[in-house]
Amino acid sequence: MKMRAGYSIFLLILSLTVCNAGKLSNSFYKNTCPQVEKIVREIIQIHTRNNPSLGAQLIRMQFHDCFVRGCDASVLLDTVNNSKAEKEAMPNQSLGGFDVIDDIKATIERVCPKVVSCADILALAARDAISAPFKKSMWSVQLGRRDGRVSLATEINGNLPSLFANFTSLVQLFKEKGLNVNDLVVLSSIISSYTLTFNTCLSHRFTALIH
């Protein structure tokens, strides 16, 4: 059962992370930052000891990132001038794990400055946090994503599930993103299987719609 769940998560994340990328490769940082996966894994191991729900938090963050402008880490950007960034939109105000990504980014920058994209860091961190209970990587992450420079809270509406979304609208939203009802069920399972520190009402409603 665990392996089946892990494989389903892998397929969903693979579907999400192929967007906003150039030529992805398992060896993208082989010559420029060969330690990147080791660094991410070790930091995630430390954080998951104190936060067992980190895997679900980071998967949710990646889901929210990929559904708006592609997997470009735009959800991590702060507000500039008067244009509110994605993270300030209501559906994103309950996201958790930003501190973990910041910790990883700071560590990597000390070792490989200006090399590894935040989008790749998020993809690796989400994989490693989900994989932590299994004591091994549950899927391979290809690297080479490019970071976005635009992040607008106004682009959230219509790209992420509404609190009042019904099953039909959820399926349609996933279809527009190149995903299907099975992907919707997998994401719901992740949400219901972990103790998430985000809007409980939204979590329960989202899960109930598909079960």
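Positions of Cβ are set from backbone N, Cα and C atoms, glycine also.
Annotated active site, proton acceptor per TrEMBL: HIS64, in sequence order. Cβ neighbours within 10 Å of HIS64 (active site, proton acceptor), excluding its own Cβ and spanning all shown chains: 21.
Counted within 10 Å of its Cβ, the other Cβ atoms near ASP65 (Ca(2+) 1 binding site) come to 31, all protein chains included. Secondary structure at ASP65 (Ca(2+) 1 binding site), taken from DSSP and collapsed to helix, strand or coil, is helix. Positions annotated as Ca(2+) 1 binding site by TrEMBL: ASP65, VAL68, GLY70, ASP72, SER74, GLU86.
Summarising the annotation, TrEMBL assigns substrate binding site to PRO161. In the three-state DSSP scheme, PRO161 (substrate binding site) is classed as coil.
As annotated by TrEMBL, Ca(2+) 2 binding site applies to THR195.
Close to CYS112 (disulfide bond) in the fold, though at least 6 residues off in sequence, lie TYR29, THR32, CYS33, GLN35, VAL36, each with a CB less than 8 Å from its CB. The disulfide bond annotation in TrEMBL covers CYS33-CYS112 (among others).
If you look up TrEMBL, you'll see CYS66-CYS71 (among others) marked as disulfide bond. Classification of CYS71 (disulfide bond) by DSSP places it in coil, neither helical nor stranded.
What TrEMBL lists as domain 'Plant heme peroxidase family profile' is 23-201. Across the domain 'Plant heme peroxidase family profile' (23-201), the prediction's mean pLDDT works out to 87.
Here TrEMBL flags 1-21 as signal peptide.
According to TrEMBL, the feature site 'Transition state stabilizer' maps to ARG60.
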List which of the recorded positions ARG60, HIS64, ASP65, GLU86, PRO161 have their Cα within 10 Å of the Cα of CYS71 (disulfide bond), in sequence order.
HIS64, ASP65
Identify, among the recorded positions CYS33, CYS66, VAL68, CYS71, the residue whose Cβ has the fewest other Cβ atoms within 10 Å in this structure.
CYS33
Which of the three DSSP states, helix, strand or coil, fits GLU86 (Ca(2+) 1 binding site)?
helix
Can you see whether DSSP assigns CYS112 (disulfide bond) to helix, strand or coil?
coil
Roughly how many Å lie between the Cα atoms of SER74 (Ca(2+) 1 binding site) and CYS66 (disulfide bond), rounded to a whole value?
9
